[in-house]
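Trainee: Structure below; questions to follow.
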Amino acid sequence: MSVKKAGVLGATGSVGQRFILLLSKHPEFEIHALGASSRSAGKKYKDAASWKQTETLPETEQDIVVQECKPEGNFLECDVVFSGLDADVAGDIEKSFVEAGLAVVSNAKNYRREKDVPLVVPIVNPEHIDVVENKVKQAVSKGGKKPGFIICISNCSTAGLVAPLKPLVEKFGPIDALTTTTLQAISGAGFSPGVSGMDILDNIVPYISGEEDKLEWETKKILGGVNAEGTEFVPIPESEMKVSAQCNRVPVIDGHTECISLRFANRPAPSVEDVKQCLREYECAASKLGCHSAPKQTIHVLDQPDRPQPRLDRDRDSGYGVSVGRIREDSLLDFKMVVLSHNTIIGAAGAGILIAEILKAKNII
């Protein structure tokens, strides 16, 4: 098995640390370059990072010397670069890496809306990576080098939302109305400034800046299609699918919970048992490709009346699986359910790792 060289941008931040933790144990990738701000550049990683993961900093990464986030040095030897950069700096930096011919998998929001950039939840729409694959094949067939490209990871709460929607749409047809109320973990806000302890203890904050808009439009791009030329993405039009989101920050460390109600466009609607069976039988494409991190069970349907719960269910399939419970009829729409996903695994860094595994399986990197 060939091992690919990986770089991490924003390596000292919350998402960057999670990338490092996942990569350090990965049989198919090895960390070759770490990038952070000029304040950290030139230092050993163990001296540059304020490590805040529950697992200790892996010994193999402690003495790696941090570089600035520029496409030079060890970064130029990487097969894939993972970006955990904040959105306020990610745009220009990620663009420079793509222009240098590197494959970038980004957790930042900057390029998610671009028509030719895949926005991917790897257990939901890995087929959108085909747009990048086609570009790479065309360039190579003309005698050129593999071009650089960027693939965006979805917003963390979007990942949990679309996971059960994908198999339902495939089985029962379009969903024309959808509401979700999220209960989002504090880790989703990062380390600094993050969420103040005084704000979140004994409290719920009923506002997360920009989050509701992301949920509403990202869902339509992820569940949407590709144009006839296979070059751009075509989101589901507002006239065909209305999405309404309310987002709340809650005093939970990891795990985003979402209360979803939905209506199918086709009549008659399926039964509750039909919905449960559909979700249980869903196998994501990453599993079929044999990807290392792909969940054995993509969606865990829980029949207990008080599940899923973050503390009990967020780590199913090492955080790559999604749990769905309380599936029942809805008096306003068709069905309602509760969904739980691990926001820093399948909702962030883990999604990036699984995307890279798909790229490797398809020989794109």
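Cβ coordinates come from backbone N, Cα and C, glycine included.
Positions annotated as active site, acyl-thioester intermediate by Swiss-Prot: Cys156. Residues or ranges marked as active site, proton acceptor by Swiss-Prot on the basis of sequence analysis: His256. The NADP(+) binding site annotation in Swiss-Prot covers Thr12, Gly13, Ser14, Val15, Ser37, Ser40, Leu85, Asp86, Gly188, Asn343.
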Trainee: In DSSP terms, helix, strand or coil for Leu85 (NADP(+) binding site)?
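Mentor: The residue in question, Leu85 (NADP(+) binding site), is coil (DSSP, three-state).
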Trainee: Secondary structure at Ser14 (NADP(+) binding site) (DSSP, helix/strand/coil)?
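Mentor: Its secondary structure by DSSP: helix.
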Trainee: For a quick check of understanding: given the listed NADP(+)-binding residues Thr12, Gly13, Ser14, Val15, Ser37, Ser40, Leu85, Asp86, Gly188, Asn343, what is the maximum Cα-Cα distance in angstrom, as an integer?
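Mentor: Between the most distant Cα atoms of the NADP(+) site, 27 Å.
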Trainee: What does DSSP call Cys156 (active site, acyl-thioester intermediate) in the simple three-state scheme?
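Mentor: It is helical.
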Trainee: Quick one: pull the CA-CA distance for the residue listed as 'active site, proton acceptor' versus Gly188 (NADP(+) binding site), whole Å only.
Mentor: 9
Trainee: At the Cα level, what's the spacing in Å between Thr12 (NADP(+) binding site) and Cys156 (active site, acyl-thioester intermediate), rounded?
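Mentor: Between the Cα atoms of Thr12 (NADP(+) binding site) and Cys156 (active site, acyl-thioester intermediate), the distance comes to 19 Å.
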Trainee: If H, G and I count as helix, E and B as strand, and all else as coil, what does DSSP give for His256 (active site, proton acceptor)?
Mentor: strand
Trainee: Check the DSSP secondary structure of Ser37 (NADP(+) binding site), expressed as helix, strand or coil.
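Mentor: For Ser37 (NADP(+) binding site) - judged by DSSP and reduced to three states - the answer is coil.
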Trainee: Ser14 (NADP(+) binding site) to Cys156 (active site, acyl-thioester intermediate): how many Å between their Cα atoms?
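Mentor: Distance between the two Cα atoms comes out at 13 Å.
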Trainee: Give me the count of other Cβ atoms within 10 A of the Cβ belonging to Ser37 (NADP(+) binding site).
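Mentor: Taking all protein chains shown, Ser37 (NADP(+) binding site) has 16 Cβ neighbours within 10 Å.
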Trainee: Measuring Cα to Cα, how far is Cys156 (active site, acyl-thioester intermediate) from Ser37 (NADP(+) binding site) in Å?
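Mentor: Cα to Cα, Cys156 (active site, acyl-thioester intermediate) and Ser37 (NADP(+) binding site) are separated by 24 Å.
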